[in-house]
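Here is the structure we will look at.
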Amino acid sequence: MERKNQNPIVNWIVKSKILGILFFVIIGATAVFKLGTALLDNPSLFLQQVVNGLQLGFVYALIALGYTMIYGIIQLINFAHGDVFMVGAFASFYSISRYNVHLWFQNLFPSVPAMLAQAIGAVTVVLVSMVVCALLAFTIERIAYKPLRTAPRISALITAIGISFFLEYFGALGFVFTPNYITYERPFEVTSWYIGPEGFGSIQAGVATPPHSLIFSNIFLIIVLASVFLLLVLQYIVKRTKIGKAMRAVAYDKPTARLMGINSDAVISITFALGAALAGAAGVLYAIAYPQVFFSMGIIPGMKAFVAAVVGGIGSIPGAFIGALIMGQAETLSAAYISTPMRDAIAFSLLIVVLLIRPKGIMGETSSEKV
Amino acid sequence: MNRLNKTSIFFLVGAVLVFGIVQALISAGIINSFWSTIVLLAGVMAIVSLGLNLIYGFNGQFSLGQYGFYAIGAYTAADITYRWVQLHSASGLTVILMISILVGLAIFLIRGVVSKIRGMDTLSAFALYLAGVLVAIFIATRLGMLIANPVTALFNLMPEKVAQYVVYLIAVLLGGLIAGEVSFLFGLPVLTLGSDYFGIATLGFTIIVKVLLDNSDTMLGFDEMKGARGMIGIPKITTWATVFIFLLITIIVIRNLLNSSYGRAIVSIREDETAATSMGIDVAFYKTITFVIGSFFGGLAGGLYAHINGFLHPNTFSFVKSFDPLIVVVFGGLGSVTGTVGAAFGWALVLEGVLRLILPEGFETWRFVIYPTLLLIMMLLKPNGLFGNYEIPFIRSVVPPLKEKKADEETAKEVA
C-alpha cells in the first residue's frame with residue numbers, strides 16, 4: 001500500500017519522477033547539443049568519425065560475443081578473454097612474419113590472380129589465429145574453470161584473473177612473445193578510397209584528395225564484412241544447429257539439460273572454443289587496423305568489449321553487437337568532440353547510465369529475478 | 001555486556017605482542033627498510049581488504065570499486081599533507097575539512113527530506129543529493145579558503161613535527177571520509193542493480209577515477225597532483241605504529257559492527273535478501289551503510305599508503321590492480337576477518353618480498369608468471385579460501401560463519 005504525500009506538489013514530483021528524468025535529460029541534451037553542433041559544423045569530419053567508430057565497434061563486437069556467450073552459459077566474467085584476443089593477434093603476427101602463411105597460395109599456384117591469392121592467404125591467417133585461440137581457450141577451460149564448476153562462483157572469477165595475468169606476463173617473457181611493442185606486418189596492401197560531393201575515387205600518393213569527402217580503406221570494408229559474416233555464422237550455429245540448441249539449453253537450465261542427455265561439460269568447452277575463435281579473428285582484424293602488437297594489448301579492448309556486452313545485455317548475441325557498435329561510436333565521438341583523455345571515463349559513464357535506465361542492458365531480459 | 005572478557009584480553013595482549021615484536025625488529029634493524037616497507041604495504045592491504053570483506057564477504061555486494069575509493073583516499077590525504085609540507089599552508093586541510101563537513105551535512109539534510117517523502121524513485125533522490133552536494137562543495141571551497149590562514153597560524157604554534165603528524169592524521173581520516181561520502185553518492189543509484197551488474201558498475205567507477213586522476217592537473221585543476229606524471233613530494237611519515245593502530249581499530253570496529261543489530265541485518269542480507277526484507281529490514285539502507293563503511297576503510301588505507309613511499313601514480317590504481325583486494329579477500333576466505341588479515345600479509349610478503357628475492361638475476365619478469373600460477377594452484381586446491389571460515393576466538397565469538405555448503409546451495413538453487 002503506497003500512501004500519498006500530503007502536499008500535491010510533492011506528490012506530483014514523486015509520481016512523475018521528474019527530478020530523475022530531468023537529470024538524464026540534462027546529460028542527454030548536453031551530449032546531443034555537442035554532437036549536433038559538431039555535425040552541422042563539419043559534416044564530413046563527423047561522418048569520418050562515425051566510420052572510424054564503426055571500424056572499432058565491429059572489432060569490439062567480435063570480442064564482446066565471446067564474453068556474452070560465456071557469461072550466458074556459466075555466469076562467469078571471463079577476464080582472460082581479452083588476453084586470448086592478444087594471443088590471436090600474436091599468432092597472426094608470427095604466422096605472417098615468420099612462416100609466411102599469407103603467401104602459401106601465391107607460392108603454390110603462381111598463375112592465380114594476385115588479388116585472389118592474397119585474399120585466400122589473409123583468410124588462412126585469420127583461420128590459423130582462430131584455431132590457435134580456440135585450442136587455447138579449450139585448454140584454459142579444462143585446467144582452470146572445469147574443476148571449479150561446483151565451487152563458489154567467485155573462485156572461477158579469481159582463476160580467470162589469474163589466467164589473464166599468466167597469459168600477459170608469460171607472453172611478455174623474451175622467448176615467448178616479447179615485452180616490446182612490435183610493428184605488425186599486414187598480409188595485404190592497404191588501399192583507400194574517398195567518397196563525397198566530388199564523386200568517388202581511389203586515393204593515390206601525390207594526388208590531393210578532394211575536400212569534404214569521406215575516406216575509407218579496404219581495412220574498414222574487410223573488418224565490417226568479416227565481422228558481419230562471423231556474426232551470421234555464429235547466429236546460424238546457435239539458432240540452427242544441434243550444438244547450438246544444446247548451448248541454449250545449458251544456458252537456460254543446466255541441471256535439466258543434463259537430465260535430457262546433454263553433455264553439459266562438452267557444450268561449455270565448445271562455447272569457450274567458439275568465443276575464443278571469434279576473439280582470435282578480432283585479434284587479427286584489430287592488429288591489421290591498428291598495426292602494433294604487444295603483450296598487454298588485450299586489456300583495454302577486452303574491457304571495452306566486455307562493457308559493450310553488458311550495455312547490450314549480457315547473454316544476448318544481438319545485444320553484444322549493438323552494444324559494441326554503441327561503444328565504438330562513444331569512444332571515437334567523445335575522443336573527437338569532448339575530450340581525448342576522458343574517452344575511457346565517458347565510455348564507462350555511459351555504461352553506468354545505461355544500467356541505471358535498463359538494469360539488464362539494452363537487449364537484456366527485463367523479467368524480474370527469480371525469488 | 002562482555003566488554004573485557006577473556007578473549008578480548010587475549011586478543012589485545014596478542015596484538016600488543018605482535019606490534020611490539022615487529023616494532024622491536026624494525027628498531028633493531030633486523031627487518032631492513034625493504035621488508036619494513038612490505039610490512040607497511042601488507043597492513044594497508046589488510047585494511048583495504050577488510051573494507052571490501054565487509055561489503056562483499058558480509059553483505060554480499062560484489063564490489064570491484066574498492067581501489068577507486070582507495071585512490072580517492074590516497075590523493076585526498078596526499079593533497080592535504082603536500083600543501084602543508086611543500087606550500088606551508090593548511091588550505092588543503094581546511095578546504096577538504098569543510099567539504100567533508102558540509103557535504104555530510106547536505107547528505108543528512110536531504111536524507112531527512114527524502115525519507116519524509118513517500119515513494120521517491122532512486123534517480124530523483126540521486127539528482128537531489130547531487131545538487132545538494134554540488135552546492136555544498138561550492139560553499140565549502142570558499143569557506144575553506146577563508147579560514148585557511150588562521151588555521152595555518154594555529155598549527156604553526158605547535159612544534160613542527162607535531163603539527164605535521166597532526167595534519168597527517170587528520171588527512172588520513174579525511175581521506176576516508178571523502179571516500180565514504182563519494183561511495184554514498186555513487187552507491188545510491190548503483191546499489192539497486194543486481195549483484196554482477198553492481199560489480200561491473202563499480203569496476204567502471206574504478207576506471208573513471210583512474211582516468212580522472214590521469215588528468216587531475218589539466219581537467220580537475222589540481223596542479224600538485226601532476227596527473228599521469230605521478231605526484232611527488234608527499235612526506236614519508238607512515239610508520240608501523242600508525243598502520244598497526246589503524247588496522248587494530250578497523251578490526252575492532254568491524255567486529256563490533258557485526259556484533260550489533262546493524263551487523264546482523266547486514267549479514268542477513270547476504271544470506272537471503274528476500275527473507276531479510278520480509279523480516280522488516282531496510283535492505284537499501286543497510287546496503288548503503290555497509291558500502292559507505294567499507295569504502296571509508298578503503299579511503300583510510302589510501303591515506304596511509306600515500307605516505308609510505310611519498311609517491312603516488314594513477315597506474316597504482318588501474319583496474320588490473322583493483323583485483324588485488326578481491327584476490328586477498330577470496331584467498332583469506334569470504335566473510336573471515338582473520339583470513340583477510342592473514343591473506344593480506346601473506347600476499348604482500350610473497351608477492352612483493354619473497355618472489356623478488358628468490359628470483360635470480362635476469363628472471364625478474366618471472367615474478368608475474370609465478371604469481372598467477374600460485375594463484376591458480378591455490379584456488380584449485382582451496383576454492384573456499386586459505387582460512388575457510390576459521391576465526392580467532394575474539395572475532396569468532398561474534399561473527400556468524402559463512403555457511404559451509406555455499407556451493408552446494410547454489411547448485412541446489414539451480415536445480416530448484
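Note: Cβ is positioned from N, Cα and C throughout, glycine not excepted.
Features reported for this protein in TrEMBL:
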{"type": "TRANSMEM", "residues": "B:34-55", "note": "transmembrane segment"}
{"type": "TRANSMEM", "residues": "B:67-85", "note": "transmembrane segment"}
{"type": "TRANSMEM", "residues": "B:91-114", "note": "transmembrane segment"}
{"type": "TRANSMEM", "residues": "B:126-145", "note": "transmembrane segment"}
{"type": "TRANSMEM", "residues": "B:165-188", "note": "transmembrane segment"}
{"type": "TRANSMEM", "residues": "B:195-213", "note": "transmembrane segment"}
{"type": "TRANSMEM", "residues": "B:233-254", "note": "transmembrane segment"}
{"type": "TRANSMEM", "residues": "B:284-306", "note": "transmembrane segment"}
{"type": "TRANSMEM", "residues": "B:326-351", "note": "transmembrane segment"}
Dominant neighbour of the transmembrane segment (B:195-213) in B:67-85, B:91-114, B:126-145, B:284-306, by Cβ pairs under 8 Å: B:67-85
Residues of the parent chain within Cβ reach of the transmembrane segment (B:34-55), under 8 Å, 6 or more residues beyond its termini: 22, 26, 61, 63, 66-67, 69-70, 238-240, 243-244, 246-247, 250-251, 254, 257, 266, 290-291, 293-298, 300-302, 304-305, 308-309, 324-326, 328-329, 332, 334-337, 340-341, 343-345, 347-349, 352-353
Seg_contact(the transmembrane segment (B:233-254), the transmembrane segment (B:126-145)) with at least 3 CB pairs under 8 angstroms, min sep 6: no
Intrachain neighbours beyond the transmembrane segment (B:165-188), with Cβ under 8 angstroms and 6 or more residues off its ends: 65, 69-70, 72-74, 76-78, 80-81, 84, 90, 92-93, 96-97, 99-100, 103-104, 107, 122, 125-126, 129-130, 133, 155, 158, 205, 235, 237, 242, 246, 287-288, 291-300, 302-304, 306-307
Range from B:67-85, B:126-145, B:284-306, B:326-351 with the greatest count of C-beta pairs under 8 A to the transmembrane segment (B:91-114): B:126-145
Annotated stretches the transmembrane segment (B:67-85) and the transmembrane segment (B:326-351) touching (3 or more Cβ pairs under 8 Å): no
Long-range neighbours of the transmembrane segment (B:326-351), counting only residues six or more past its ends (CB under 8 A): 38-39, 41-43, 45-46, 49-50, 52-53, 56-58, 64, 66, 247, 251, 254-255, 270, 367, 371, 374-375, 378-379, 384-392, 395, 399, 401-402
